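Copied over from Swiss-Prot, here are the features:
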COMPBIAS  399-411  compositional bias 'Low complexity'
COMPBIAS  605-630  compositional bias 'Low complexity'
DOMAIN    27-383  domain 'IF rod'
LIPID     CYS662  S-farnesyl cysteine
MOD_RES   MET1  N-acetylmethionine
MOD_RES   SER18  phosphoserine
MOD_RES   SER388  phosphoserine
MOD_RES   CYS662  cysteine methyl ester
REGION    1-29  region 'Head'
REGION    30-66  region 'Coil 1A'
REGION    67-76  region 'Linker 1'
REGION    77-214  region 'Coil 1B'
REGION    215-238  region 'Linker 2'
REGION    239-383  region 'Coil 2'
REGION    381-441  region 'Disordered'
REGION    384-664  region 'Tail'
REGION    550-581  region 'Disordered'
REGION    602-641  region 'Disordered'
MOTIF     413-418  motif 'Nuclear localization signal'
Amino acid sequence: METPGQKRATRSTHTPLSPTRITRLQEKEDLQGLNDRLAVYIDKVRSLELENARLRLRITESEDVISREVTGIKSAYETELADARKTLDSVAKERARLQLELSKIREEHKELKARNAKKESDLLTAQARLKDLEALLNSKDAALTTALGEKRNLENEIRELKAHIAKLEASLADTKKQLQDEMLRRVDTENRNQTLKEELEFQKSIYNEEMRETKRRHETRLVEVDNGRQREFESKLADALHELRAQHEGQIGLYKEELGKTYNAKLENAKQSAERNSSLVGEAQEEIQQSRIRIDSLSAQLSQLQKQLAAREAKLRDLEDAYARERDSSRRLLADKDREMAEMRARMQQQLDEYQELLDIKLALDMEINAYRKLLEGEEERLRLSPSPNTQKRSARTIASHSGAHISSSASKRRRLEEGESRSSSFTQHARTTGKVSVEEVDPEGKYVRLRNKSNEDQSLGNWQIKRQIGDETPIVYKFPPRLTLKAGQTVTIWASGAGATNSPPSDLVWKAQSSWGTGDSIRTALLTSSNEEVAMRKLVRTVVINDEDDEDNDDMEHHHHHHHHHHDGQNSSGDPGEYNLRSRTIVCTSCGRPAEKSVLASQGSGLVTGSSGSSSSSVTLTRTYRSTGGTSGGSGLGESPVTRNFIVGNGQRAQVAPQNCSIM
C-alpha cells in the first residue's frame, strides 16, 4: 500500500513542474518521509517500552534509569517541537503581514506612477503651449520686421517724393520765371510794335510830304514841259506812285503778319507752358497731399505696431515668468518624486531585510529538520530499522538551487504552465546614437525597422547597412540602395516581405529577400555606414515574470523568477542602482567552533548537500537571487542578484576531532 506522499510523487511524475515547485514538492516529500520514519520510530519505541515494562519486573533499577532517560528525551523533544511549531506559526503570520504590506506598497507605487504620468503629461502640455506661444511670437516678430521694412520703404518713397516735389517746385519757379520773361518780352514786343506803328505813321507822313513835294516839283516841271507830254508824264508818275505805294503797303503787311505770327506763337507757347506748369503743380500738390495722408496712416500703423509689440513683449515676459514657475514646479515635483522613490526603495530594502530574516528563520528550520533527519538515521541504524524505498531515493538525491539560469523564449513557450502558475513578459529597450540618423523603432515581431533623421540636413544612405543580431544566431544584413537620401526630420521604414507592406520610396522600403527580421529574447539592431562604422543602435531584451502559487497546502507564498539579460558595452551589472544586496552571515563550524572562510564554502558548490549517515554535521549551501527589474530607469521590484548562504548543521554531539582536521577550515 502506497503512502499519501508516494501517491503524490506518482501523480507529479505525469505533470511537468517548474523548478521552484519541484523544490517545494521535494521538501514536502522529505517532511512526509521524515514523518513516516518518525511514526515507525515511535512504533518501535512503544514496542520497546512494552518490552521494557515486561523486563521492569525483573530489573527495577535498570527500568528506573531507562524511564528517566526516556522521559527526559521525550520532554525535550516535545518542547523543541512545540517551539518549532510556534516559530512556524509566527513566521506564517509575519509572512502574511509582509505580503499585505507589499501589496499596499505596490498600490502606492501604482498611484505614484499615475501621478508622475499626469505631471509629465502636464509638463508636455505646458511645453507644447510654450512652443506655440514662441511660434506666435516669432510670427509677430516677422510681421513687425515686415512692417518696419515697409515703413523704411515708405520713408524712402517719401524722401523721393519730397525730392521730386523740390524738383517740381524748382521747375515751377523756372516756369514762372520764363512766364515773367515771356510777359516782359511780350510787353517789349508790344512796345516795339507801337514804335514801329509810330515809325510807320511817321514814314507815311514823310512819304506824303515827299509826295506832295514831288507833286509840286512835277507840277513845276509840268509847267515847263510841253502840253503834249504833260498828260503822259502825269500818268507815268501816277503809276510810279501807285507802284511805290503798293510795294510799301506789301512790305508793311508782311512785316505786320510776321510780327503777329511771332507774337501769337510766343504767346501760345507761354500759355501752354503756364498751363503745363499749373497742371504739374496741381499734380505735385495732389501727390504731396496723398503722401501726407499715407505718412499719417503709416505713422498710425507704426504706433499701433509699436503698441502691439509692447503688448507682445509684456505677454512674452508673463509667459517666461509662467514657464519659469512651471519649470520650478516641475522640478519640485520631480524632486518630490525622487524623494518618494528613495523612500520607497528604503522601504523595499527594509522589507527585503525582513524577508531575509524570514529566509534565515526558514533555513534554521531546514537545518533543524536536517538534524532531525540525521538523528532519525542514527536511531534507525542503532535500532536496525529499514527506511522506506522513497526515503532511500530521497537520501540519494541532491537538491541544487539554480542562480541566474538563462531560459530561452522558445523553451518557455513550449513548456506547459501548471495550475496556479502565471507568466507575463515585456521588452526593455536600450538605444544609442552617434550620428544624424537614429534607429527610431524596432518591431518585436520582426515586421519592420524604422530610422529617423534627427538633424536639419539631408543624409545620404547609399550603401549603408542595417545589421540585426538575435541572441547568438547568425546576423542578417540589409543594404540600402545606392541613391537613397533621407530628408531632414523624415523617417524611413524597412519592411520585411512577410509584413504585407507596399514599396513606396523613400519613406517605405520592402526587403523582398527576407520574410521577417526575426524575433527572440535579445534583439540588437545596428545602423552601419558604407565604411562599416556603427552610428546608431537599439537593443530589445525580453523580461519574463513567473508567478507560482501552491494551493495544495494553503500556502500563499510567491516566487518571482526574472530572466533579465541586459548587455551594455563596457558596463558592469554590479553598478545597477536598483540592485539590492542581502546582508552577509558568518557561519561557524560545529566541529571546531571557528568561522568558515567564504572561498571554502563557495568551493563546495551551490545547493543542499546531504552527508553520510555516520557524519556528525552536514553543509547546506543555498543560493537566492534578487535583483531590481527596474534597471537604471529607477523602477522598483525584485530581480536577479545571486546571494549565497552557507550553514553547518550538527546533530548536537560534541566534536571529537581536532581543529586542524576540520573539513571546512
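From the backbone N, Cα and C atoms, a Cβ is placed for every residue, glycine too.
The Cβ of SER18 (phosphoserine) has 17 other Cβ atoms within 10 Å, all protein chains considered. When secondary structure is read from DSSP and collapsed to three states, SER18 (phosphoserine) falls in the coil class. Over the region 'Tail' (384-664) the predicted model carries a mean pLDDT of 61. With DSSP states grouped into helix (H, G, I), strand (E, B) and coil, the region 'Linker 1' (67-76) comes out at 10 helix, 0 strand, 0 coil. Each residue in the region 'Coil 2' (239-383) gets a DSSP state, and the totals come to 145 helix, 0 strand, 0 coil.
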